[in-house]
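Reading through the structure tokens given below for one structure.
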Amino acid sequence: MKKADILVLDFGSQYTQLIARRLREQGVYAEILPFNVSLTDIKAKEPKGIILSGGPASVYATDAYFCDKGIFDLNLPILGICYGMQLMAHHYKATVAPAGHKEYGKANIEIKKDNALFKNLPKKQTVWMSHSDKVENLPQGFEVLATSENSPFCVFGNEDKKFFALQFHPEVQHSEFGKNILKNFAKYACNCESVWNMGSFAKTQAEKIREEVGNDKVLCAVSGGVDSSVVAALLASAIKEQVIVVFVDNGLLRSREKEQVEFMFKNTLGIDLISIDASEIFLSRLANVTDPEQKRKIIGNTFIEVFEEEAKKHKDVKYLAQGTLYTDIIESSVVGASKTIKSHHNVGGLPEKMNLKLIEPLKEIFKDEVRALGLELGLSKEVVYRHPFPGPGLAIRIMGEVNRPGLELLRKADVILLEELKSTGWYDKTWQAFCVLLNVKSVGVMGDNRTYDNAVCIRVVDASDGMTATFSHLPYEVLENISRRIINEVEGINRVVYDISSKPPATIEWE
């Protein structure tokens, strides 16, 4: 079992993943586990500290979430955040009740006592609150470390036990010195060293791959995107002669995607590539299917079938490698009290029975860490910083049924969007950009004639790891040119809209 410097127990906060990210940014390896993980599993990870995340529940409610009380007897530093703070207070017999004044947004705190969390930080700072309950009295054995206007117990702790509790969220960017607070907890309370980086990760994963695979062969599924390209490069660095790299044209690719992928692997990466055209089988199975989850399941199942057929042509193939990321795992499974958001075709979409063992060397890292790993492995910036493209491809960018006419419309619109972003310098400034073909038509006028054609939505977002995102504030003239070109150059589209939703509450992809 992989060891972790700090374990984050997930009680359902939308920010839980950010806690792990902020710690990893400091070179400390943090891992997220469900709140009800067993004490045995916690001990097996040999953590140096534990963080209790926030969450939507109330500790006094009948359906409250509680972790194993034994964690408080492990002689490990513990940091409680929001719900985690209230849980710690509740455990030590303090009263937690509904707050008369709910707090959502920025607040000012004042540090009242020097302590490990606020070492070398200003006495007054701005933090981000998001809670509807409050701690009414100080738990026995604890002391106040900081206060806010609405909370005399905003931060409390027991420095002998190295237990600390925060009412606010240090993991979000709106908390002025949040990263420093988490870093101080890891460094001064937990005695963690900043040794986690992609160089050490690459070395560890290569050794793990060699040990697990032995003399068998690995079928590596690639899409041409960053994730699968990095997986292929990592496998090649570990067991190059045992890797069979396969690219499947599922009929759901962007314009000229197949040709670009083949060129990149053969000429840029120097990796032999087997290219399979399976577009007919994918599109036939997607016919008349409109439910997004069903689309993902069908695509996931069909991918595996195609790969298994290819594996039969090669001796000693026992493994299938995929570019599954930590974000995929989080969004596809119930981690702690968190809810399933959507199935990813390479996680929840997989059949329960496979004839190939799955190997996912990136499943413990986030997107920005994948990019850093790619550079560490020698991939070019052009490959590493390519915009993400989902495994299900354009199928989840067409609302409703997927068919060839719709795919062709979407491809043409997408080409124009990317051309305009690249020519204006906005492509490299954004995380992801694509078009969505909506399953609605609208009335328009072109020349002197009435039209009743399709509407396309432009989605361009800024992000660092894909867990959260904001819509990109593109200049009006850029948006205007994109809209004008799509309507004038793509027959069958007469309306273009811009998605100004952030994640959360929306996801980046529409399906």
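Each Cβ is built from the backbone N, Cα and C atoms, and glycine gets one as well.
Not measured: the values here are computed from a predicted model.
Its Cβ placed at the centre, Cys82 (active site, nucleophile) has 25 other Cβ atoms within 10 Å. In this structure, Cys82 (active site, nucleophile) belongs to neither helix nor strand by DSSP; it is coil. According to Swiss-Prot, the active site, nucleophile annotation covers Cys82, on the basis of sequence analysis.
For His169 (among others), the entry in Swiss-Prot reads active site. Around the Cβ of His169 (active site), the number of neighbouring Cβ atoms within 10 Å comes to 24.
For Glu171 (among others), the entry in Swiss-Prot reads active site. DSSP assigns Glu171 (active site) to coil in the three-state reduction, outside any helix or strand. Around Glu171 (active site), the same-chain residues six or more apart in sequence whose CB sits under 8 Å from its CB are Tyr15, Leu18, Ile19, Arg21, Arg22, Ile81, Gly178, Leu182, listed in sequence order.
Here Swiss-Prot flags Ser223, Gly224, Gly225, Val226, Asp227, Ser228, Ser229 as ATP binding site. Around the Cβ of Ser223 (ATP binding site), a 10 Å sphere holds 21 further Cβ atoms from the protein chains shown.
What Swiss-Prot lists as domain 'Glutamine amidotransferase type-1' is 5-195.
As annotated by Swiss-Prot, domain 'GMPS ATP-PPase' applies to 196-386, with the evidence given as sequence analysis. This prediction places the mean pLDDT of the domain 'GMPS ATP-PPase' (196-386) at 85.
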Reduced DSSP assignment, Ser229 (ATP binding site): helix
Env. residues of ATP site, Cβ within 8 Å of mean position of Ser223, Gly224, Gly225, Val226, Asp227, Ser228, Ser229 Cβ: Val222, Val230, Val231, Gly323, Arg386, Phe389
Rounded distance in angstrom between the Cα atoms of Gly225 (ATP binding site) and His169 (active site): 33
Sparsest-packed among the binding-site residues, when each Cβ's other Cβ atoms within 10 Å are tallied, from Ser228, Ser229: Ser228
Spatially closest candidate among His169, Ser223, Gly224, Ser228, Ser229, the listed recorded positions, to Cys82 (active site, nucleophile) (Cα to Cα): His169
